[in-house]
């Protein structure tokens, strides 16, 4: 211990030995009564190393000290965000696989849902982990400053793409209900992909000013060490263009679609003529019956049977609208708090408490991220095809098992037997009708003979003459 003391040092302690450079006292938990000596820097470092758990690190903004302060605590919010990230990535990968592998799901609406799942999956891969990292560092940006603008750009891009996809789905279904023939004729896979490309192009255009101006001026994307949009114009214009305007279009077209479906269903129930007219616009595959048989069936068909196909298609549309309505509702409910609070932070900048607004934004943004994880759960609960596909993919079965031959025979033989019995009954009825018709013919012949016997002989002679002439 002698090497730690200076030869001519006084025996009274100084403040430099027990006080940090910034003047704040630190409780080391050691009493230097024995000797009351002034320690050197080496002794100060030893005491600090033995008691570093008592450090407060106030005013210390260096990354090692900052990470030491926050990483030692149990961060339950970071754990919850990690669960959201895993659910988002895994669920949306299942949606992408289902639409890619299941032929039943390969239509325009599901292509939009697959593109929406891609946006949500990329949000879970590229945006959410960095946001979780900022939570671990006390909402301060731990990465290089140039990456802040890129991260905000990706966040706005994928969030805007989500609302744009839902808006496009709502518009596409409304057009399909209003003009089904034109929509079915021009709604090919290529056209669906062109619409998806247009959605992504609009989303990129809306979010592109963020990296353009943010990389030139850090003050637009940094505020007190936190990475966020600090420009009020960005916040206001971006909120309206990327959320509120598409939200208005989506809600209006969705309710117009519901109204049109209800109107068609009412027409199908009330007016038989309209049912017959609408039945020709059915998207279901036509049967292989000949035109003559279809004409004969249309003659003997009951009035209420004309609209069965149309009612079935309308029922399917209503079910699809129900599922999409749940997706729309959850998206709106989960993202509205963030955008409303974001606008309030700009409008009431002086009167609002910035700490409360910042805390609300940190919570509401993760509620919005949660909507990306909820969509696959909605598909699973309300769509049988998605549910069966997800269960097979989890079991590493990527192809649907075909029914064995026994099940095919069991399902087809009773139907064939029923049809054959119906044919036999029809033949018996036809034979009875033929027998009745022959009896009537015989009776008519007998009456004719009796009438001919009672007739005068001169008439018979004239008839014989006519027959001989023929």
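From the backbone N, Cα and C atoms, a Cβ is placed for every residue, glycine too.
Keep in mind the model is a prediction, meaning the values are calculated, not measured.
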Record-annotated N-linked glycosylation site (source Swiss-Prot) among candidates 44, 107: 44
Of 360-364, 365-369, 370-374, 375-379, the range Swiss-Prot labels motif 'NPxxY motif': 375-379
Check: residue 102 and residue 348 same membrane side, Swiss-Prot record: no
From the candidates 51, 75, the one which Swiss-Prot records as N-linked glycosylation site: 51
Annotated range (Swiss-Prot: transmembrane segment) out of 13-29, 81-97: 81-97
Entry from the disulfide-bonded residues list 148, 227 having the most other CB atoms no farther than 10 A: 227
DSSP-derived helix, strand and coil totals, residue by residue, for the topological domain 'Extracellular' (138-146): 1 helix, 0 strand, 8 coil
Closest of 155, 342, 348, 352 to residue 227 (disulfide bond), Cα positions, recorded positions only: 155
Remote residues contacting the transmembrane segment (356-381) - C-beta distance under 8 A, at least 6 residues beyond either end: 81, 84, 87-88, 91-92, 94-95, 113, 116-117, 119-120, 123-124, 127-128, 131, 135, 139, 159, 162, 228, 323, 326-327, 330-331, 334-335, 337-338, 341-342, 344-345, 387, 390
Recorded stretches the transmembrane segment (233-258) and the transmembrane segment (81-97) touching, at least 3 CB pairs under 8 Å: no
Spatial neighbours of residue 342 (serotonin binding site) that are distant in sequence (at least 6 apart) but have CB under 8 A: 235, 239, 361
Residue, out of the disulfide-bonded residues 348, 352, whose Cβ gathers the largest set of other Cβ atoms within 10 Å: 352
The topological domain 'Extracellular' (348-355) - residue tally per DSSP class, helix then strand then coil: 2 helix, 0 strand, 6 coil
